[in-house]
Amino acid sequence: MSPLRYLLAAAVLFAFVLDESSSQAQLTPDFYNTTCPNASNIILGVLQNAFNSDIRITASLIRLHFHDCFVNGCDGSILLDNVANDTSIDSEKFSMANNNSARGFEVVDAMKAALESACPGIVSCADILAIASEQSVNLSGGPSWTVPLGRRDGRTANRSLADQNLPTPFQTLDLLKGRFTNVGLNDNTDLVALSGAHTFGRAQCQFFSQRLFNFNGTGNPDPTLNATLLAQLQQLCPQGGNGSVLTNLDLSTPDGFDNDYFSNLQANNGLLQSDQELFSTPGADTIPIVNNFSSNETAFFESFAVSMIRMGNLSLLTGTQGEIRSNCRRVNANNLSTRSSSDGGLVSSI
């Protein structure tokens with residue numbers, strides 16, 4: 001075992017110890033060993049095929065897991081489409097944080113289809129997101145960790161709760177801290193470590209353009225934004241321009257999972273306000289954590305693994321709770337209704 005792998009194994013053990021007394025202890029890494037022993041390899045095969053044609057998919061998949069867990073826990077609710085005549089599902093895909101932004105659903109569909117072919121009715125959509133997130137990080141050069149498994153899928157989706165719970169790129173540090181503690185994560189190490197997932201992926205102009213010209217109604221740009229980066233972004237995202245234009249979250253290694261994100265913050269090169277707040281808020285307890293992760297990638301990788309496991313344990317459905325969806329976009333009752341419908345008109349997909 002490599003030194004880094006050994007450290008991450010210890011980190012995983014530490015995370016289990018933290019949660020041992022709660023219902024989260026029902027999760028186990030070997031949950032599918034007898035019922036679907038190739039589950040992880042099946043998911044990885046689909047991910048690698050998608051990655052070959054879409055290098056952004058790894059960041060997109062971990063974002064789905066994050067946005068799932070912050071809304072009623074890690075139950076696959078973010079994957080549900082709206083269905084006519086079912087008021088229990090208000091698709092979280094249309095929440096402010098996800099609408100025309102969250103992506104990767106078709107890849108999750110492909111993972112689920114492959115799993116249903118190999119071992120039908122066994123692997124939950126919630127666990128697919130957890131497994132795919134770890135694999136995405138590792139495939140992009142980041143750490144690997146043992147993923148606790150055994151989550152079951154929820155039968156509801158809640159767009160208003162998504163709007164209420166999900167952190168936004170426009171928030172101050174205090175507001176970000178509140179979003180993390182509200183779901184049961186800590187407001188320092190978990191916040192900084194999980195924000196480090198912005199070391200890869202892209203963001204649309206609409207999520208940072210408020211920093212470029214009239215920050216907080218001052219008539220001036222955000223003073224914590226590096227002047228060189230500011231000039232580049234003003235050209236990319238002019239006032240009144242296309243808010244869907246993409247740019248890299250990490251200036252230096254946009255597709256690799258490393259600790260450059262934290263060095264960017266030290267140089268005022270954080271793209272999103274919510275990123276830069278971690279380092280530029282005077283006296284913040286997050287500043288020394290950013291400094292530590294910037295100088296010590298192993299420390300970041302260790303903390304990230306622990307925080308991912310902790311996030312993946314939020315408000316779980318296990319045992320006989322919830323269900324194992326056969327289609328990640330629909331609860332099983334609606335899936336059966338759709339199959340028996342003559343016109344298939346029950347489902348309203350996006």
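Note that Cβ sites are derived from N, Cα and C of the backbone, with glycine treated the same way.
In TrEMBL, annotation is done automatically, which means it is predicted and not curated.
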Looking at TrEMBL, which one of C125, C237 makes a disulfide with C205?
C237
Could you identify, going by TrEMBL, the member of C36, C69 that forms a disulphide bond with C119?
C36
Are there residues of the same chain, six or more positions away from P167 (substrate binding site), whose CB falls under 8 angstroms from its CB, and which are they?
F70, L175, L176, R179, F180, S274
Can you check which residues sit near C237 (disulfide bond), meaning Cβ under 8 Å from its Cβ, same chain, 6 or more apart in sequence, and list them in order?
C205, F208, S209, L212, G243, V245, T247
Starting from the Ca(2+) 1 site formed by D68, V71, G73, D75, S77, E92, give every other residue of that chain whose CB sits within 8 Å of the mean position of their CB atoms, in sequence order.
H67, C69, F70, N72, C74, G76, I78, G154, A157, N158, A162
Binding-site residues compared (S77, T253) - highest count of Cβ atoms within 10 Å:
S77
For D68 (Ca(2+) 1 binding site), what residues in its own chain, 6 or more apart in sequence, show a Cβ-Cβ distance under 8 Å?
C74, D75, G76, S77, I78, L79, A126, L129
